[in-house]
Every structure is written in structure tokens, then in C-alpha cells.
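Encoded as C-alpha cells, the structure appears first; notes follow it.
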Amino acid sequence: MANQNSDLYKQITAGSVAAVFQTTMTYPFEYLKTGLQLQPKGTAFEIILPQIKSYFVGCSALNVAAFGKTILRFVTFDKLCHSLNNNIDNNDNFQRLTGYNLLIAGTLTGIVESLFIIPFENIKTTLIQSAMIDHKKLEKNQPVVNAKATFHNMATKSTPVARIEKLLPAVKHMYQTRGPAAFVQGTTATIFRQIANTSIQFTAYTAFKRLLQARNDKASSVITGLATSFTLVAMTQPIDVVKTRMMSQNAKTEYKNTLNCMYRIFVQEGMATFWKGSIFRFMKVGISGGLTFTVYEQVSLLLGFSSRS
């Protein structure tokens, strides 16, 4: 039992280092993806191309989330593996799970992770939205609407986007202006995205793996990974766009709820808007897996345990 706990702590340490490293290295893609998703139709792309340092605005929030999420992931998944495994007589519970039970464990773990990171995602979105906007142009073009609100149009006075640059001031501003609800915006879309992510990734990976099973080489592994990432992004990007919009600083004045957000994006901006930022998300997803695995392997060796245990 002591050895199992020791290995779990080492896995958490290796996983945390890998998660923070991967989050930092791929964050510019996250910044550009989120920036594009927040931009209304017809807004110039140049607005979200600021100084290089701006590409890491909000990264601190995701790094804190990555650290906490990794701990939660290993502990939750370990507990679920024990609960779903009827034949626990060794330390290799993960490999002994059936495909169906593995999917359940992965999905439930993903939902728990998603609930944990929602506040940090909101902080990140607030910081990115502030950093990417030319506030002088925004103030000149800020619409003021006083007509009656309808399902098609949230006709309330537009809320200006605040200029915030750091983590703690962002938390303070969000609480003061929007209350505790500011940290749980986009919860519905986030949960649906996580369920879709886990299900599609598991299904797509299995399908491509079987399709290329005759080729047992590194090339087939790379192709499988890229094809899985492409399928995942293509099928879940609309949910990701809705999630980002619902986490924006002015979401309450723009949308009544998640369904209204989807409807208004479709009617006012067109179907193509649902795939905004997909190229940058694909780059992030495609790089993240290999980067995380490589760092995890190296840290595992330094800690003196097998990463496959």
C-alpha cells in the first residue's frame, strides 16, 4: 500500500511538471484561439496581434489550474479504477479495465477536471479579452441599446470590457463587477465539451488504431495521433466557441443562456463562426500530447519510477 501511494505521488509530481510545461509552451495557440473566438464577425484580425508578451496573458491562471487539475486527475482516476475493477489483485488496475469501464472512468474524471478548471478558464478569458482589445477604438464604437430584450437580441446597455493585466486584479474585478457567478460562467458548455472530448477522442483513437494496425511503427502512431486530434477539434470546436463566448466579460448582456448564445451566433454571424480558432486549437492539441508525454517520461526517470507503472 505504501509503495502504491509513493508511486501515485511520483505520478502526480511528474504529471504536474508536464502539465505546467505543456500549458506554457502551447499557450500562444490558446491565446490566439480564444481571441478569435471572442471577436465578433467583421472585426479586424490585427486587433488580436499585440506585443509578444501579450501572448502569455492569462497563462498564470491556466498553470494554477493545470497543477490542481493534475492532482485531481490522478487521484480521481485511481479511485474510479479501483471502484470499476472487479479483479484487483495487482497494481496494474489501468490496463485491467475493459474498454467500456475505461471510457466511464475517463469521462467521469474529465467532468471532475472540467468543474475544477471552470473558474480559471473564466479568469483566463477575462484577461485575454482585455489584452486583445484596442480600448480606444472600443470606447468610440461602444453601442448603447435600450430597446426591449428578446430571445433574438439581448437589448440592454452594452458592458464595456475592463483593462486588466494580472491574475489577482482580474479575480478582484470579476468578483466586484459580476459577483461569484463570474467564476462559473460557461459551466454547461464546458461540461458538454468535456463529455464530447472524452467520447470522441476514445472512439476516434480506437478506430484509427485499428485502421492502421497492420503498420506497427512510429509513423502509424503519429498519423493516429494527428488524425484523432483533427477529428476531435472538428467535432467539438462549436462547443468550444460557445464556451468561450459564455465566459466573456459581457456574456450576461449579450446572451440569455447557452442555447441563446448558439442561436445568435448561427443567425447573426453564420455557421463558419462555430469553427473560429480551430487551426490554433488543432496546433495546440496536436503538440500537447507529445510534449506532455515526453516531459512526463523524463521527470519519471529523474524520480526513479516507471512511467508505465
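Just so you know, glycine gets a Cβ as well, placed from its N, Cα and C.
What you are looking at is a predicted structure, and each value in this text was computed from that prediction instead of being measured.
Record features, source Swiss-Prot:
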type: REPEAT; residues: 6-83; note: repeat 'Solcar 1'
type: REPEAT; residues: 97-211; note: repeat 'Solcar 2'
type: REPEAT; residues: 216-302; note: repeat 'Solcar 3'
type: TRANSMEM; residues: 12-32; note: transmembrane segment
type: TRANSMEM; residues: 47-67; note: transmembrane segment
type: TRANSMEM; residues: 100-120; note: transmembrane segment
type: TRANSMEM; residues: 184-204; note: transmembrane segment
type: TRANSMEM; residues: 222-242; note: transmembrane segment
type: TRANSMEM; residues: 285-305; note: transmembrane segment
Positions whose Cβ lies under 8 angstroms from the transmembrane segment (12-32), at least six residues beyond its ends:
48, 54-59, 62-63, 66-67, 69-71, 73-75, 124, 128, 132, 277, 280-281, 283-284, 287-288, 291-293, 295-296, 299-300, 303, 307
Across the repeat 'Solcar 1' (6-83), what are the DSSP residue counts per state (helix, strand, coil)?
66 helix, 0 strand, 12 coil
Within the predicted model, mean pLDDT of the repeat 'Solcar 3' (216-302):
90
How do the residues of the repeat 'Solcar 3' (216-302) split into helix, strand and coil according to DSSP?
75 helix, 0 strand, 12 coil
